[in-house]
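Asks: Next up is a structure, given as structure tokens.
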Amino acid sequence: MGIKNLKSLLLENKSLTILDDNLYKVYNGIFVDTMSIYIAVANCVRNLEELTTVFIKYVNGWVKKGGHVTLFIDRGSIKIKQDVRDKRRKYSKLTKDRKMLELEKCTSEIQNVTGFMEEEIKAEMQLKIDKLTFQIYLSDSDNIKISLNEILTHFNNNENVTLFYCDERDAEFVMCLEAKTHFSTTGEWPLIISTDQDTMLFASADNHPKMIKNLTQLFKYVPSAEDNYLAKLTALVNGCDFFPGLYGASITPNNLNKIQLFSDFTIDNIVTSLAIKNYYRKTNSTVDVRNIVTFINDYANLDDVYSYIPPCQCTVQEFIFSALDEKWNEFKSSYLESVPLPCQLMYALEPRKEIDVSEVKTLSSYIDFENTKSDIDVIKSISSIFGYSNENCNTIVFGIYKDNLLLSINSSFYFNDSLLITNTKSDNIINIGY
């Protein structure tokens, strides 16, 4: 649930570490994302009676460790989550249909079991049938709500358990907001219990240490500004509850070491992080990049985004080139595109030294509007006359690639309005910098 891969990425980045749950006995309050834990428990049991028993046992165990447990419970409809709900219903129906077929198969097969260890085999198959039957029952969201509400009545008179209903807001969102309030009065976060990886995003909003738990593991999380950036970048690329992500891209532990991380979640930094491979513009579609980045920023910072119109999904190429269009268009306004490359270069370069008369004559000799082919030696000569170098540049201003003049950002990649080339795959590019 939530942001794909975020937990494994934070583990890879060493800010999230796994602890021995048995070594930590007491907490200053425990906050629970109820629905995520309820579903996790439900997937491990065979019937409602067992679910009730196990869930109550978990809560009572948390009371012993935290003194007081607050169960955050989703209630009401969240308007901006309609697309997410529609996708979940579609996925749930497919899962239900698959499990119904599996149930029919098991029900048929159990009738034909005979011979050696018949009773044991039938008993094992019956357990599977019971579990499938219960999972099919829970595939109906109304049944989930009814059964959860029934279980929660067991805590109505329990002074050690508070039921905190989150009207038209996600429970994990409200839970982390309340956890920040808890921190402001006690000086530490409560233990956070959730299986939803959006919780990790919200927990990245400040650099205070946090203890986060799911059903089987306990984590310590000490986020840095870089982790906050990574969490937001992962929400943007891989998607979160309200934004489906950048189609065609994914951040995983396998490619994390190739991605540049920053402290500030700005458009330039984001594009630099994404520039781990070459991209080519496939369509002329543009997207409102600022709106997308603002939404992710506000959501991650626990600002109230529930009145926003969530941004639509776009491809990673659409995001990147829309983000770069402003810089390219600004450059293009003073760029002679229709002349040969040496002339383009002379017009584009800002002199970094005095150019003497003999050098002006040399530059004049390079002006040939009939010659559309570029000579590498001419390019290097022009660069040198203007005070630039082609080797060992600390700051890259332009790159020349197949008669294309490309801009450079952070010396990390080159681009124009139709292609982006990462600096790690730039063997065929002539650098112009200083």
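Cβ from N, Cα, C; glycine included.
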Asks: Given that Swiss-Prot annotates Asp74, Glu168, Asp170 as binding Mg(2+) 1, state which candidate in Asp21, Asp33, Asp130 belongs to that site as well.
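Replies: Looking at Asp21, Asp33, Asp130, the one Swiss-Prot places in the Mg(2+) 1 site next to Asp74, Glu168, Asp170 is Asp33.
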Asks: Helix, strand or coil by DSSP: which one applies to Asp198 (Mg(2+) 2 binding site)?
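Replies: DSSP assigns Asp198 (Mg(2+) 2 binding site) to helix.
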Asks: Just the number: how many Å between the Cα atoms of Asp170 (Mg(2+) 1 binding site) and Asp198 (Mg(2+) 2 binding site)?
Replies: 10
Asks: Would you pick out, from the binding-site residues Asp33, Glu168, the residue whose Cβ has the largest number of other Cβ atoms within 10 Å?
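Replies: Neighbour-count leader: Asp33.
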Asks: Of the binding-site residues Asp33, Asp74, Glu168, which sits closest to Asp196 (Mg(2+) 2 binding site) by Cα distance?
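Replies: Sorting the binding-site residues by distance from Asp196 (Mg(2+) 2 binding site), the top entry is Asp33.
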Asks: Distance check, please: Cα of Asp33 (Mg(2+) 1 binding site) against Cα of Asp198 (Mg(2+) 2 binding site), rounded to an integer number of angstrom.
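Replies: About 11 Å separate the Cα atoms of these two residues.
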Asks: Ten-angstrom check, please: count other Cβ atoms within 10 Å of the Cβ of Asp74 (Mg(2+) 1 binding site), all chains counted.
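Replies: That number is 22.
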